[in-house]
């Protein structure tokens with residue numbers, strides 16, 4: 001061995017030892033999962049040592065009078081929780097919410113405009129609220145039904161409390177299916193449907209087969225005539241241990257909690273309804289805290305159930321703060337994120353603020369949930385404040401916090417203080433740390449801007465609105481939500497602004513900006529999910545997306561993103577001038593007056609200006625604008641989930657997971673004062689810089705999607721599978737039409753053509769051509785001899801898999817940056833993974849690897865086995881798939897699928913875990 005070889009070996013061994021030490025302190029899995037994050041919050045979560053579950057705590061305190069048969073007993077507190085229509089210590093006091101034409105009652109007694117049977121006192125009387133009903137009103141929840149033959153018939157007098165009606169009746173949507181006249185020629189200004197269509201002999205309320213049909217707006221009603229009884233939606237569907245009543249879980253005997261997940265101590269824990277009803281299978285997910293641990297008679301080698309911090313205790317707040325909100329909504333498409341349609345088929349809802357219900361449900365089902373508040377690291381406060389803001393507020397006369405009418409956000413602030421005081425009076429845990437370990441979520445437009453100061457300054461807030469300036473005023477263009485307007489009432493004589501002044505809307509480090517809810521089907525065209533149009537597809541207009549006025553130049557991968565800059569949404573045409581800080585209006589005016597579409601391929605406008613499928617347009621866009629609305633808007637999520645580089649224009653506002661994610665690595669920021677220069681600034685960006693932004697975006701995009709609920713996980717996996725099947729069909733069709741069926745010749749790795757991922761490409765039986773360097777390297781890796789020239793793909797795959805683990809050849813979502821990191825598998829440099837790296841860049845037919853990578857510079861070089869430098873043109877596995885290929889880089893999702901363990905919810909959990917240490921350290925200092 002020569003001196004040079006000895007020195008080289010010594011260096012390699014030293015570097016190998018260093019790399020092994022790095023693997024211990026920061027294993028490759030952790031490094032891969034934490035790409036794009038800032039700080040140690042992600043790594044700290046991954047590297048923590050799990051602890052063993054304790055036996056779940058079960059309450060023993062009974063409630064008086066069985067909560068009147070209508071409520072649930074909280075066996076921890078010995079107190080009743082009452083549904084809509086009931087209140088008091090034993091749920092025996094009536095709590096009415098009658099249909100009405102006016103507002104002005106008190107907190108405990110609402111004004112109604114109905115008689116004892118539920119009929120409007122006089123349809124010609126003036127006044128209107130959304131609850132006004134020319135039919136039969138369910139006075140518990142202000143829900144309107146037909147009068148006449150198909151009216152609602154209540155249970156007979158003397159029936160047990162909570163008895164169902166004798167006849168449910170046909171729904172009359174309070175604001176969609178009210179008569180526009182009284183049947184006597186008198187017009188009702190607030191109605192929508194002629195009297196004859198509802199109460200004529202062929203009307204909805206009178207005929208067996210009516211000519212006019214009202215929508216089945218209420219949960220539990222399905223079928224053409226709303227006579228089909230369907231399931232209703234509740235958190236975790238009452239864990240299979242209760243009956244869902246429009247959002248309130250009426251728990252089976254002995255079960256308790258918001259989701260009926262807990263059983264009174266000493267009682268047998270039976271299996272739930274999800275084992276009997278198929279439609280509950282994807283909705284009921286028992287957290288480990290709710291399971292029975294193995295008893296002492298179990299085998300000694302039984303592995304104990306392990307868990308990681310943080311431990312989160314979810315308060316079972318009184319129903320008036322959450323579940324009752326769902327009962328009061330009169331449209332099943334509002335407030336929540338899912339509902340049931342005919343035949344109990346689940347429908348996902350795109351309600352803007354539905355994340356507050358989903359987040360509560362995911363907390364309830366989480367592995368991090370604990371039933372023992374003593375061991376809890378955090379306490380979650382599940383208030384449905386956005387649901388109250390709309391549609392509950394002012395729909396009928398109540399509920400109020402604390403004065404009738406006034407700004408909607410005032411009621412939210414008062415509600416939060418009341419809920420905090422309830423927690424303090426029933427548990428010692430707020431005072432234990434002064435509320436520092438309590439987590440609140442405010443999902444509405446301006447987030448925590450109007451949170452009570454005494455709560456905000458101590459607690460953790462999750463929000464969508466990351467506005468940082470301390471001296472802020474409301475920027476909403478919707479007056480009822482303006483939090484800088486005072487409101488004085490005899491029930492709140494000192495006003496409410498004093499309660500919310502003196503704090504910012506968002507404090508980095510203390511609070512967290514989280515993504516809004518986007519379903520997989522909302523970004524199914526994204527190349528990140530393998531969606532989109534085929535490369536080199538026919539350019540006939542019949543096969544094109546809706547016309548945008550921007551020509552597509554060939555649709556090869558390098559030019560597929562043919563829209564330079566994109567924004568579609570409300571551009572303030574009919575808004576107050578301060579909407580969106582004026583940003584959307586100014587950009588729209590500039591784009592229109594200066595013809596940005598023709599000059600720069602920039603699309604800015606609303607749906608009338610920019611036609612076409614929204615997801616497809618985003619997938620075709622190079623840059624996407626992230627602009628405010630009344631407060632937050634979901635434009636950051638839209639951009640990232642479609643692989644479009646975000647351009648953020650909103651000063652002093654943090655966006656999703658900022659600064660927890662390195663936004664500077666995958667986005668651009670432009671000051672609000674520079675709107676006129678937007679096209680020039682973006683066009684000046686060098687293409688390599690843009691590519692690096694795209695590559696960095698691919699390391700974090702999955703953190704913007706929620707899949708922690710079984711139904712969301714299933715939905716995501718189905719979209720990916722559908723796109724994969726579509727890609728396979730396109731691949732087969734185009735392969736059959738290929739004239740030669742041969743792949744391109746790779747002269748060096750200055751270009752590569754890995755269409756479907758390494759394994760998929762080689763398993764098709766196609767002919768593959770290899771360079772001499774590739775033959776040598778492949779032979780070395782596989783330990784088998786082979787000839788240069790053409791070989792069958794499956795032979796190459798077989799040879800390589802003899803030494804390299806197949807699963808690790810499928811590259812998941814590694815970040816591609818200036819320094820390319822080859823994964824080592826079984827001690828061999830996994831060059832095939834490196835080529836997948838190239839495929840993981842922009843959705844291209846060909847990926848050009850810069851020639852400087854072969855020059856041997858330390859920064860630009862490739863790490864191989866034991867850290868050695870690899871010359872790209874001498875030491876690379878060079879494999880090509882068929883020239884037909886699939887569409888839009890369908891290997892952006894590997895065979896492992898979507899990384900569900902690092903979705904948006906798990907990102908929140910990982911971040912909270914980092915604050916466990918922070919809270920503990922503060923305890924010590926105090």
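Cβ coordinates are placed from backbone N, Cα and C, and glycine is handled just like the others.
The model shown is predicted, which means the values in this text are computed figures rather than measured ones.
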Stretch carrying region 'Disordered' according to TrEMBL (options 466-487, 488-509, 510-531, 532-553):
532-553
Taking only the Cα atoms, work out how far residue 82 (disulfide bond) lies from residue 63 (disulfide bond), in Å, as a whole number.
12
Ranking the disulfide-bonded residues 63, 73, 82, 91 by other Cβ atoms within 10 Å, which is at the bottom?
63
What's the CA-CA gap between residue 73 (disulfide bond) and residue 91 (disulfide bond) in angstrom, rounded?
10
Alpha-carbon spacing, residue 63 (disulfide bond) to residue 91 (disulfide bond), which is rounded to whole Å:
11
Segment-level pLDDT (mean, integer) for the domain 'EGF-like' (59-92):
97
